[in-house]
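Trainee: I'd like to ask you about the structure that follows.
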Amino acid sequence: MTTTPPPRVRMTGISKRYGPITTLSDVSLTLAPGEVLGLVGDNGAGKSTLSKILSGAVIPDAGTIEIDGETVAFTSPADARARRVEMVYQDLALCDTVDVAGNLFLGREPRRRVAGLPLLDKPRMHGDARAMLDRLGIVIPDTRQKVETLSGGQRQSIAIGRAASFDPLVLIMDEPTAALAVAEVEAVLDLIRRVSAAGVGVILITHRLQDLFLVCDRIQVMYEGRNVAERRIEDTSIAEIVDLIVGHKFEARSAGHSREQTS
Amino acid sequence: MTGETPSSPQAAPARLHAAAPPRHRQATVADRLIANGSVVSIAVFFLVVCLLFSVGTDAFLTRPNLLNVLRQSAPLLIAAAAMTFVITTGGIDLSIGSVLALVSALSAALLQFGVPWPLVILLMLACGGLIGAIQGYFIAYEGIPAFIVTLAGLSIVRGTALLVTGGYSIPIDSGSPFVVIGRAWVFGVPLPALIAVTMLVIAFVVFNETRFGRYVTGIGANREAVRRAGVDVRITTLAVYVISGMAAALAGIILAGRLGSGSSNAGQGFELEVIAAVVLGGTSLFGGRGTIVGTILGALTVAVLANGLILAHMSPFLTPIVTGFIILVAIWLNFRLFRGSLRSR
């Protein structure tokens, strides 16, 4: 870690209300460059809303967002993208019937002029896609494969690779390891490490607590729209995080096994 | 337990399981055929039909007859190429038969009023494009299903054509250069066929080699993904209906020129014939999967069938029956033989 006066992201006093329901109440969040922050909480705790505020999809009622010490106001995802904040949604947003390279370059396909006509530069697209995948260590044999033929982990990797290729300062990932096979989880976690090692601040939203301990530097726990705890990874355990998420001592069998492991 | 430590790929842990051959191999010719199964199956159908008529009739495999098939199927080919774009976005355009009729009737009427023929052609293409744009607006910007919008369009446009002509067909003076478009021969090839081939080449390049074509496929596969990638999906969707309307207008111009008259009753069921050709070619009605080559083969199969059955002295009324069966069998083959390439769709 380098010395980091102003943090990459500082969100302070963020509040959001939907009708009678206060979704977020005076929430704050900080993120250093190259740091991986785990954002956890039960369903409805407000972690999705918080991440959508940072990615520009939701506008907060109150609070400020600073990026590298500069106050920003996002009114759309395009604003956030212009400040190099990228988000990988849970539904991945891939086109199944388009090939790997086509998905990586969707919306910014390289073109070349043939007889004055702007046609797709497919050789360059596949070459660049190959380089992009290799750089991130994503194993996909053929960039001409259609995305529908890929496994869940490969699809996830493509979505992350696509976001990473925009050269973001901040990358938000919503449940990137849900519903993946064991080896694929490892591959995606490796990919997250590699992205953060390049200096990208990563916010990881997940219900798979064991993943947090493999990649995160810090965990922030939310409960009913509030920040309730923040722990450095070396100072905590899965059992403590579970207790913090549910709000009381919790003897879940799913936590019992991990308790022995980590404490 | 080896899985406890976060394993890195470099560390290559001892294998628990016996080594197996790699699960991925370079795509072979057979793989490629199966991946393009829908095009292959319609190609086989097309060849079989051609072979049957070549053997069964004397006249089929002659140069004049084949050129005649091309000449007659020009409107179908042009409209089907445009319809491939529409269907690949997951939409449908039911109004093209009506647009064809309106254009053929209006162009005959305008020529009678003494409007110069180049202006008539431009006006008619603009008219088709405008109808497409209006329908496209309701589909892309107002979110009304394409089936409903173009069903309404079918009714309104056909009604307008009937109203303009009073139900009569309007003759076009056979000395007018307008009929040349439908009747002329250039370098021994009918002009309508040349126009159709030009349009098909343009359609193929646009569909496969441009951003627009990419987004057409993408919108059919996952509209939201394309939108999030920063593409204006609404204008793209509107554009495919403009293309479809203009193609139908061009088909109407060619038809009116060839027949030497404009009739508000032209093109009854034309939209279904076009949709049949597109679906026969392997384009998915659910969107996201389209092929111009398949569409060409599908349209030619329909055209060859109609021609061959007449040459074989069979009732022309058999054509729709046989076409219907071929659609069913071709799609069935796609599902059975090439299931792997179709997956969930």
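Every residue gets a Cβ built from N, Cα and C, even glycine.
Dumping what TrEMBL says about this protein:
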type	residues	note
REGION	B:1-21	region 'Disordered'
COMPBIAS	B:9-21	compositional bias 'Low complexity'
TRANSMEM	B:33-57	transmembrane segment
TRANSMEM	B:69-87	transmembrane segment
TRANSMEM	B:94-113	transmembrane segment
TRANSMEM	B:119-139	transmembrane segment
TRANSMEM	B:146-164	transmembrane segment
TRANSMEM	B:184-207	transmembrane segment
TRANSMEM	B:238-257	transmembrane segment
TRANSMEM	B:269-286	transmembrane segment
TRANSMEM	B:293-311	transmembrane segment
TRANSMEM	B:317-335	transmembrane segment
Trainee: If we skip the immediate neighbours and take only residues 6+ beyond the ends of the transmembrane segment (B:184-207), which ones have a Cβ under 8 Å from one of its Cβ atoms?
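Mentor: Residues packing against the transmembrane segment (B:184-207) from afar: 67-68, 70-71, 73-75, 77-78, 81-82, 84-85, 88, 213, 216, 247, 250, 254, 257-258, 290, 292-293, 296.
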Trainee: Which listed stretch (B:33-57, B:69-87, B:293-311, B:317-335) has the most C-beta pairs under 8 A with the transmembrane segment (B:238-257)?
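Mentor: Answer, by Cβ pair count: B:69-87.
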Trainee: Short question: most Cβ pairs under 8 Å with the transmembrane segment (B:33-57), which of B:69-87, B:269-286, B:317-335?
Mentor: B:269-286
